[in-house]
Amino acid sequence: MEMEIKSAKEENLRNSIPFVKQLSTESNRVKTDYTINGDTQPYGPTTQRLYLWTQIFAAFAVSMGSLIVGFSSGYTSPALPSMNRTLTITNEENSWIGGLMPLAALVGGIAGGPLIEYIGRRLTIMCTALPFFLGWMLIANAMNVYMVLAGRALCGVCVGIGSLAFPVYLGETIQPEVRGALGLLPTAFGNTGILLAFFAGTYLNWSHLAFLGAALPVPFFLLMILTPETPRWYVTKGRAEDARKALQWLRGKNINIDKEMRDLTRSQAESDLTSTGNAFGQLFSRKYLPAVLISLGLMLFQQLSGINAVIFYASTIFQMAGSSLDENLCSIIIGIVNFISTFIATAIIDRLGRKMLLYISSVSMIVTLVALGSYFYVREVGTDVSSYGWLPLACLVIYVLGFSIGFGPIPWLMLGEILPSRIRGTAASMATGFNWTCTFIVTKSFHNIIAAINMYGTVWLFAVLCVIGLFFVIFFVPETRGKSLEEIEKKLTGGSRRVRNLNSNKSNQNGC
């Protein structure tokens, strides 16, 4: 009885103070009665206490790669005007300079899965630094548009590889208590890279801006040299001693890692015992299908929310809305909101949990899209809306804020959390490729949809899709706050039950 009271007091203390103060809280007690698909209390810490500095360093090193990804995404907006004055570029070539990167990222996303499985998460991430550098140098020294396109293609492949490798690396190295906050750092740094491209582009021409892009992979590569490979990857390769060294580096030299190491090896042993065949063939097996479908669903509804269409065509939307505010200023405001909101999500995700932020994200997007669509409809039928010229900006600011604290970063964060270790690389590759495919389709078809059902119909369509996405989150997406990867995998795949059955059958056979 006294032990139960003491445990309850410790749990209340943990939940009543900020997560930064939780870092020294010790707990060796393990709960076995937990649920994944509900909004229950987080699973207890899996190690004695947290040593943050090495984990922050690893997250920062990986996030430097995400900074390059964001810079690559934001480059074309400030660079194209000065590029058109220097090089002879047609309108079609202009569109390819902007659109080639997502297509190349699709290729990189597909290729990245086998790479992180065979050569490791860390080495794969490090290897993107050189193509990033070469791509930016091609652009910076371009004599014609084809050199620019070649550079954009190289950078795009690296963007695709990084977008799947970053969350997998952090998911396998960061402890559950801070995995949400540190796992969102790549998204925050990605938005920082976009802003860096915008602000530097106001002072630099396209060539000098590309030289700045070529400088960014250097500190990224040097930082990644100092980080270890993930312990889980070492375990999958049977390198237990290397896994222990990497885990000790990440957790701190004075931390007892025996329990976490046992959990890692046990989880891998269960996976090896219950799985047969290659990873790709197992993706749609009954055991792994729920995790795969949840990942694909999150990626699908992330893009069906219309975020990329809204961001890419923000100025066009303001022009069509007849807003009383300058469309360029509105676009800058939206970019700043997108930048700030990710840091807000980083601060609150380990308090509120993934599902709660997805709820808030969905509801805010639904409300603002319905309001914006109503504005367009009322304006379409001839009603004077001049006194409501502020409404489009207000709606899009809240929409971007809602997206950026939930459906923006969390699908990528959960990509490294819910996919089982045996298929993580292959499944992450498929989910990343699927995401970039959806990005291309939504962005490319945006104007066609407007021509078919008008702007108000298009905005309402995105609102309906967000409603469907909300129900998907409610009924299918698990809460992973505070849970180790082993616990999440065990619950989604029923690993322990299968192992017990297999062991029981083997015992019966041996007895016979």
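Any Cβ shown, glycine's included, is placed from N, Cα and C.
Any TrEMBL annotation is an automated prediction that lacks curation.
It should be emphasised that the depicted structure is a prediction, and the values quoted were computed from it without experimental measurement.
In TrEMBL this protein carries:
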TRANSMEM  50-75  transmembrane segment
DOMAIN    58-481  domain 'Major facilitator superfamily (MFS) profile'
TRANSMEM  95-116  transmembrane segment
TRANSMEM  123-143  transmembrane segment
TRANSMEM  149-170  transmembrane segment
TRANSMEM  182-200  transmembrane segment
TRANSMEM  206-227  transmembrane segment
TRANSMEM  288-312  transmembrane segment
TRANSMEM  332-349  transmembrane segment
TRANSMEM  356-378  transmembrane segment
TRANSMEM  390-413  transmembrane segment
TRANSMEM  434-453  transmembrane segment
TRANSMEM  459-477  transmembrane segment
Under 8 Å, at least 3 Cβ pairs, sequence separation 6 or more: does that hold for the transmembrane segment (332-349) versus the transmembrane segment (182-200)? yes
I'd like to know if the transmembrane segment (50-75) touches the transmembrane segment (149-170) in this structure, counting it as a touch only when three or more C-beta pairs sit under 8 Å and are separated by 6 or more positions. yes
When you scan the chain for residues with a C-beta under 8 Å from the transmembrane segment (123-143), skipping those not six or more beyond its ends, what do you find? 62, 65, 68, 72, 87, 112, 115-116, 150-155, 157-158, 161-162, 165-166, 169, 206-208, 210-211, 213-214, 216-218, 220-221, 224-225, 229
Sequence-remote partners of the transmembrane segment (459-477) [C-beta within less than 8 Å, at least six residues beyond its ends]: 37, 293-294, 297-298, 301, 304-306, 309, 354-355, 358-359, 362-363, 365-366, 369-370, 372-373, 376, 407, 414, 449, 453
Which range out of 50-75, 182-200, 288-312, 434-453 gives the transmembrane segment (206-227) the most CB pairs under 8 Å? 50-75
